[in-house]
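Undergrad: Dropping a structure here in structure tokens format, bear with me for questions.
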Amino acid sequence: MWHFAVSVFLVELYGNSLLLTAVYGLVVAGSVLLLGALIGDWVDKNSRLKVARTSLVVQNSSVILCGVILMIIFLFKTQLLTLYHGWLLTLCYILVITIANIANLASTATAITIQRDWIVVVAGEDRSKLADMNATIRRIDQLTNILAPMAVGQIMTFGSPMIGCGFISGWNLMSMCVEYLLLWKVYQKTPTLARKSAKVEASELKQLNVKKESDMKPAEGVQLIMEKDVNGFEPQEQKEVGCTARIAEPFVTFRDGWVAYYNQPVFLAGMGLAFLYMTVLGFDCITTGYAYTQGLSGSVLSLLMGASAVTGIMGTVAFTWLRRKCGLIRTGLISGVAQFACLILCVISVFMPGSPMDLTVSPFADISARLFENEPLPTIASPESEMIFATGMPILLNGSITPANSDPEMNPEPVPLVSVSLLFAGVIAARVGLWSFDLTVTQLLQENVVESERGIINGVQNSMNYLLDLLHFIMVILAPNPEAFGLLVLISVSFVAMGHIMYFRFAQKSLGKQLFVCHTPDPKAAPDSSPPGNTSTV
């Protein structure tokens, strides 16, 4: 709920401008990109209950504090504007974004420890149970992504931003207590959660990475981690750490985390997932804004978002069924093919009637006109103008604002909906393959990453995801006009294709000639087989 609401509050706070929201998004992406490995390393070095408890308390406390500060700002914004020439209000903006960013970092730690570690231990050696639990968690995420914006929207519509802040603060206070009680129950019922492999020390990890760069096979590298003799490094642990070493420790951890991620046997699969974040073909603010320029109303968009959530849930069902029939790695391959096939509709939409794509229009024309030619920004239509959209936007035809009370004979022809319909049909249908592929890579990371490195490897994976997501926003900033959106679609589909090619290469290396031999995997691992978390079900 907070992830959706904070963007709305920041827009309301800054006079219906997206500036604070954009700054917040940049800070969040940059923080996870830089600190993802360090957060994962902290998860690895501490006990499971301590990590879950600390991250849960920090996350919810930050949200509660942020909500209180926002309430104060909404109440006394006029007075704050006059104090110290508005610098006090600017300081409040910085404080809100900083605390909200801390909440997001704590949420990242919570997701790593619960969804990447606890769930593996609870499932034990039963990989089918692990797959079902992963799918169930993803369904819950899909449902909350629908219900949370609806709840916040109703509160903001019939109440006020201040009431919304108070409600979210109270909700997080209550949910923090409930979540902690549930985690404590799971911890008590699963004694294995209390036992955790010792974190590989920085010096040990460094030597391990050096050995991995030799001629060893990936499987041998994983086995080596489990068979290491920790006693051989006791003298290093007894050495006194100097001030310089302490200062350099975060940078060493950052470097070693990325090197360890690169040396993972599932590196290509993780990179394939990260490349899917470099896309405009999702239900974010970019695609929503483009839909408005093509004449879709807010009510239609809400229905499309609901349909995408339904297909996302269908993807979780498809994942569990395909995994039972064909095995985990082949499930990712089939899901990737299904997603790419659906995205072909988006490529076709670029060349269909109604598509505003025009490569003769420079993507920088709008920016240069605003910055160098001193053209005024487009103004919002007057209140007397008739509004036809539920969102209150004027009639939009290929990005131009047309007064609703003008002469119909002088108005341009309505935008054909063939192009935008094909675009959203492809996006919605592709969610089945997307979420099935996402669950596949998630389980591959759970099964193939050694327990003592789960946190740092998944932290780096989150950093990679945010890096590609950041690049897709930069791509939109460079080509913001609707005429260039078709080009962005083609680039997005190309990155999705590259991601699935990486996964295909991983699958080929893992299964070899058995890649296209679909068979039902063994439901149970042999008692004397390698420990869970080192190999994947094929």
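A Cβ is built for glycine as well, from the same backbone N, Cα and C atoms used for every other residue.
Unlike curated records, TrEMBL annotations are generated automatically.
Annotation source TrEMBL lists transmembrane segment at 20-43, 55-76, 82-106, 266-292, 298-321, 333-352, 415-434, 455-478, 484-504.
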Undergrad: Which bits of the chain, at least 6 residues beyond where the transmembrane segment (415-434) starts or stops, bring a Cβ under 8 A of a Cβ in it?
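TA: Same-chain residues near the transmembrane segment (415-434) but 6 or more away: 276, 281-283, 287, 291, 294-296, 304, 307-308, 311-312, 314-315, 318, 335-346, 348-350, 352-355, 397-398, 489.
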Undergrad: Counting only residues 6 or more past its boundaries, what in the same chain has a CB within less than 8 Å of a CB in the transmembrane segment (82-106)?
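TA: Apart from its flanks, the transmembrane segment (82-106) reaches 2-3, 6, 10, 13-14, 20, 23-24, 27-28, 31-32, 35, 39, 55-56, 58-59, 62-63, 65-66, 69-70, 72-73.
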Undergrad: Residues of the same chain, at least six outside the transmembrane segment (266-292), with any C-beta under 8 angstroms of its C-beta?
TA: 301, 304-305, 308, 332, 336, 343, 346, 389, 391, 393, 396, 420, 424, 426-427, 430, 434, 437-438, 440-441, 444-445, 448-449, 461, 464-469, 471-473, 475-476, 482, 485, 488-489, 492-493, 495-496, 498-503, 505-506, 509, 536
Undergrad: Relative to the transmembrane segment (20-43), which of 298-321, 333-352, 455-478 accounts for the most Cβ pairs at distances under 8 Å?
TA: 455-478
Undergrad: So what's near the transmembrane segment (333-352) in sequence-distant terms, Cβ-Cβ under 8 Å and 6+ beyond its ends?
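TA: Non-local partners: 272, 281, 315, 318-319, 322, 326, 418-423, 425-427, 429-430, 432-434, 436-437, 440, 486, 489-490, 492-493, 496-497, 499-500, 503-504, 507, 515.
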